[in-house]
Amino acid sequence: MSASSSSFEQPQVITCNAAVAWRAGEPLVMEEVEVSPPQPLEIRIKVVCTSLCRSDLSAWESQSLLPRIFGHEAAGIVESIGEGVTEFEKGDHVLAVFTGECGSCRHCISGKSNMCQVLGMERKGLMHSDQKTRFSIKGKPVYHYCAVSSFSEYTVVHSGCAVKVDPLAPLHKICLLSCGVAAGLGAAWNVADVQKGSSVVIFGLGTVGLSVAQGAKLRGAAQILGVDINPAKAEQAKTFGVTDFINSNDLSEPIPQVIKRMTGGGADFSFECVGDTGIATTALQSCSDGWGMTVTLGVPKAKPEVSAHYGLFLSGKSLKGTLFGGWKPKSDLPSLIDKYMNKEIMIDEFITHNLSFDEINKAFVLMREGKCLRCVLHMPK
């Protein structure tokens, strides 16, 4: 039914299972939750699959805003729509995204930014439109996460935070494009604009870091250094284009010195993909004088201030931050999905585990122990 129809039928409250975080760092609990109808300009989605991102893990370990339903990398099918929604209808396949695109604010109409002023990253655990929740347990509110909350069989998102996708695209694969893989590719392509023959160093070889490597490889980078403390990442990283692996725990001298020696004076581009402000400084020290660019993608759990000597900038280096790799979700994700469907980019290789939704705590353990890239959780059919 079209939202413009005079016979618009208001959806009702439904109940479903959701993995709820009650206490920081403790196992999620499968609970029956009430999911309110979508309000104006919102849609309710039947989640088909969702993947665990390190941001979920970090927030779960430190988050005081509880109870909460985490999850923000997700794909599903529109179950119902709120008033005023014209872009979607019941049955559409969609990706949910943590940063939206209203299409009319200063940033959305600019070609320079994807930082929507209306539907930017939501940090209060509420919906953008009315600062309320759509989840409850026995009448008591349950907080959202990044305005997505995909660790639930059903969720409600603003229509500006959803992207309609080709129904032929496999949802259990492309769900990774709603955060990590897209963020890494975009950092290499949109933010750094890595050039053919350049040298790149990546700090942190999780899904985001390896996506940066894939993007750099596809751009023709000649040297891609990967820095991590997990030796198991060395062989895995080659698949995505890393030419040299550096275990920072094995070094007897400062990392920047090693990288400058390996690159002949410093990398053209460095990427901080851990979420550690100290590593951001190290990344800045590791890139070349004159033109070296450091791009930060990680979200720090603590100490958000970056400390760097002013001389690093006087020498011509630059530091840039990015959220979601600079992609405007509605405008750009469909073409990224096309690249996957045409086998121009890799997604499957990031999926190390496929688990049922009730195995969600196993996914958290695997990520906490560094034994996975992406665990895709499949909802009951």
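Even glycines carry a Cβ here, placed using N, Cα and C.
On a predicted model such as this, the values are computed, not experimentally measured, just so you know.
In the shown protein chains, 28 other C-beta atoms lie within 10 A of the C-beta of His72 (Zn(2+) 1 binding site). Swiss-Prot lists Cys53, Ser55, His72, Cys179 with the feature Zn(2+) 1 binding site, giving similarity to another entry as the kind of evidence.
Annotated NAD(+) binding site per Swiss-Prot: Ser55, Gly204, Leu205, Gly206, Thr207, Val208, Gly209, Asp228, Lys233, Leu297, Gly298, Val299, Phe324, Arg374, in sequence order, evidence recorded as similarity to another entry. Cβ environment of Ser55 (Zn(2+) 1 binding site): His72, Cys146, Cys179, Val299 lie under 8 Å away, each six or more residues apart in the same chain.
The secondary structure of Ser55 (Zn(2+) 1 binding site), as reduced to three states from DSSP, is helical. Feature annotation from Swiss-Prot assigns alcohol binding site to Ser55, His72.
According to Swiss-Prot, the Zn(2+) 2 binding site annotation covers Cys102, Cys105, Cys108, Cys116, on the basis of similarity to another entry. Under DSSP, Cys105 (Zn(2+) 2 binding site) is assigned to coil, being neither helix nor strand in the three-state scheme. The Cβ of Cys105 (Zn(2+) 2 binding site) has Cys116, Gln117, Val118 as same-chain neighbours under 8 Å, each 6 or more residues away in sequence.
The two recorded residues Cys53 (Zn(2+) 1 binding site) and Gly298 (NAD(+) binding site) have their Cα atoms spaced 12 Å from each other. For the Zn(2+) 2 site, the Cβ centre of Cys102, Cys105, Cys108, Cys116 serves as reference, and the other residues of the chain with Cβ at most 8 Å from it are Gly100, Glu101, Gly103, Ser104, Arg106, His107, Ile109, Gln117, Val118, Leu119, Gly160.
Taking Cβ-Cβ distances under 8 Å and a sequence gap of 6 or more within the same chain, the neighbours of Lys233 (NAD(+) binding site) are Leu205, Gly226, Phe245.
Taking the centroid of the Cβ atoms of Cys53, Ser55, His72, Cys179 as the Zn(2+) 1 site, the other same-chain residues with Cβ within 8 Å of it are Arg54, Asp56, Gly71, Glu73, Phe98, Cys146, Ser178, Gly180. Long-range Cβ neighbours of Thr207 (NAD(+) binding site) (same chain, at least 6 residues apart, Cβ-Cβ under 8 Å): Cys53, Arg54, Leu176, Gly180, Val181, Gly184, Phe350, Leu373, Arg374.
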